[in-house]
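Student: Feature list, courtesy of TrEMBL:
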- 1-33: region 'Disordered' (REGION)
- 77-96: transmembrane segment (TRANSMEM)
- 108-131: transmembrane segment (TRANSMEM)
- 151-175: transmembrane segment (TRANSMEM)
- 205-228: transmembrane segment (TRANSMEM)
- 240-265: transmembrane segment (TRANSMEM)
- 285-310: transmembrane segment (TRANSMEM)
- 322-348: transmembrane segment (TRANSMEM)
- 382-407: transmembrane segment (TRANSMEM)
- 419-445: transmembrane segment (TRANSMEM)
- 451-472: transmembrane segment (TRANSMEM)
- 492-514: transmembrane segment (TRANSMEM)
- 526-550: transmembrane segment (TRANSMEM)
Amino acid sequence: MDRASQIVKSFPQSRAGGNPPDPHDEDSRGTAMKPDLSKVLSRGLGSRPHAVAQLRKFSSRMLEPGVHARFYRARKMFILTVVSSAIGLGNLWRFPYVAYENGGGAFLIPYLLALFTVGIPLLILETGVGYKTRSGPPLAFKRLLGRGYSVIGWAAVLVAFLIVTYYSVIVAWSFDYLGFSFSLAWGSDPSAFFYDDFLQLSDGFFSISGLNLMVLAGAILAWIWIYLSIFKGVRSVEKMVWVTVVVPWLLIIIFVLRGITLPGAMDGLAYYLTPNFSALLDPGVWIAAYGQVFYSMSIGMAIIIAYSRFLGEKSDVVKNAVFIAIADCFTSIFAGIAVFSTLGYLAFTHGVSVTEVVRGGIELAFVTYPAVISALPVLPQLFGVLFFAMLITLGVGSAFSLVQAVSASLTDYVRAERWVLTGAICIAAFAVSLIYMTDAGILWLDIIDHYVNNFLILLVGFAEAAVIGYVYGAPKLREFVNRFSDWKVGRWWDVCIWVVIPLFLGLALIINVIDGIADPYGDYPLAANLLGWAEVVVLPLVAVVLAFVYRNHEGVDVDEQASE
Ligand code: PHE
């Protein structure tokens, strides 16, 4: 077996799974300050001159041409932007593989359960937090709970930043591969091409001898696209999400149609969808389902809180969450049909069993799929271009959401033009990502990603649910959310926040820590895994430092930001 498989095999399934409260309560600071009409109205205006002033200001703005549209568009935009961040490479290369490994069609049972007990509830929680406080995560947690709690928000922001540093590099590879598609440059051995010719993979984690200029060029394209998507804040995102949601959907449909009409497709689909109900007795399958939902919906990160601060008056938090979850879930299932039907075809053309060609993660996209493309009977180049265009649009949508989350959080703290701030964040992230563009880059990417997914995101999600559930009070947030929703959530939501989420995330964390110590990840030198652990420890510490440095910061005027 080549180095290839050892390295990235684990990539797709790499996730199994204070201070005293602020003396100013959040109601007077978090919401009434904001142009939140119904909230202001419901509290009796007479005794609140400040609220009256706000209401006037808000009402008059509502009457301005274009402003009303901003609020209307904002809701649709919210759904699309969150969908854009949720649908990503994970839907294409992670879900189908995880489902295949964990009971095939039967995996849908734990998956849907996880969707309704973790995915949707956390989505509602994060939307509620962002909507109520109209702040990015650090300030949001401070406003809701007191200044010490901004640590959770800072951790989320740092995790988002860290992820985009390597996620963008995968987009960079996809740009390069889009170019390679024109000549089917990977030839007859896509694996050797990917690792040796393209990445020029070095001998080990610490043997780094230089930058890969091809990857660098791809990364520059990726970052230009990311920057253009967000440099005007929500205004530009609003336009770009049409591209990063609708284009991949159309392309997935094309690949489904192409896939199922190929010989061998049904065999492939049988591997993907045949239910193996006995798998449901394996607790690992359940952890995998919860892990996948968590990863796929991009929760436990700054993204959703940061986006929901821009929600308009008619936000309908619950319906949004359900819609987003369903859209993401369907994208995954459908992408799986595209992937497995073509894997069936690949097995058919090579005269082997489907199990021998199944891969997930980076290998699926950059080794297996190129082989599929070369084997296509008509217009392989065109399908190559379309496939990598699909990866790029899926990847960019998630990548710019991550940067947008960081930038929408920092605007609370830094008084700078949005385009300058966003540019600075992009440049900083680009600089960090240079490490993944070296000849050992994929190894670094694999390690950093493994520790982010197995520990950091779970930690943030756990902390979010625990503090909102127990310190702030789940029922209190639920009541708030229900006031702005046609569909109301019941007490089951409290139970999810109090019990189900902390239980599953806590369990997954404990299992991952034990596993990680007993059996260090991959075939890496000890120092590489120590680096991973250092990441898990240092990032929260940096969050603590940031929370301390900004402990007295009250946030830049929100109205000013909303009217960008
Ligand atoms: N949700 C994305 C996907 O399915 C992955 C992702 C996770 C993107 C976290 C951004 C942040 O691929």
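Cβ from N, Cα, C; glycine included.
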Student: Are there at least 3 C-beta pairs under 8 angstroms linking the transmembrane segment (108-131) and the transmembrane segment (322-348), leaving out pairs fewer than 6 apart in sequence?
Tutor: yes
Student: Give the nonlocal contacts of the transmembrane segment (451-472) in its own chain as ranges (CB under 8 Å, at least six residues past its ends).
Tutor: 14-17, 122, 125-126, 129, 141, 144-145, 149, 152, 155-156, 159, 162-163, 291, 294-295, 299-301, 494, 497-498, 501-502, 505-506, 508-509, 512-513, 516, 532-533, 535-536, 539-540
Student: Within this structure, do the transmembrane segment (285-310) and the transmembrane segment (151-175) have 3 or more Cβ pairs under 8 angstroms, counting pairs 6 or more apart in sequence?
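Tutor: Yes; at least 3 Cβ pairs under 8 Å.
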Student: In the same chain, who gets a Cβ under 8 Å from the transmembrane segment (205-228) while lying at least 6 residues past its ends?
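Tutor: For the transmembrane segment (205-228), the nonlocal Cβ contacts are 164, 168-169, 171-176, 198-199, 236, 240, 392, 395-396, 399-400, 403, 422-423, 426, 429-430, 433-434, 437-441, 443-444, 447, 524-525, 527-528.
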Student: May I ask for the residues of the chain that lie six or more residues beyond the transmembrane segment (382-407) and have a Cβ under 8 Å from a Cβ within it?
Tutor: 81, 84-89, 91-92, 136-137, 156-157, 160-161, 163-164, 167-168, 170-171, 174-175, 177-178, 180-182, 184, 222, 225-226, 229-230, 233-234, 237, 240-241, 243-245, 247-248, 251-252, 254-255, 258, 298, 301-303, 305-307, 365, 369-370, 373, 376, 418, 421-422, 425-426, 429
Student: For the transmembrane segment (285-310), what are the same-chain contacts with Cβ under 8 Å, counting residues 6+ beyond its ends?
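Tutor: Answer is 13, 15-17, 74, 77-78, 81-82, 85-86, 88, 90-91, 94-95, 98, 101-103, 107, 110-111, 113-115, 118-119, 122-123, 126-131, 133-137, 140, 153, 156-157, 159-160, 163, 234, 279, 317, 324-325, 328, 332, 398, 401-402, 404-406, 408-409, 453, 457-458, 460-461, 464, 504-505, 507-508, 511, 558, 562.
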Student: Are there residues at least 6 beyond the ends of the transmembrane segment (240-265) whose Cβ is under 8 Å from a Cβ of it, and what are they?
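Tutor: For the transmembrane segment (240-265), the list is 77, 80-81, 83-84, 87, 92, 228-230, 331, 334-335, 337-342, 344-349, 376, 383, 386-387, 389-390, 393-394, 396-397, 400.
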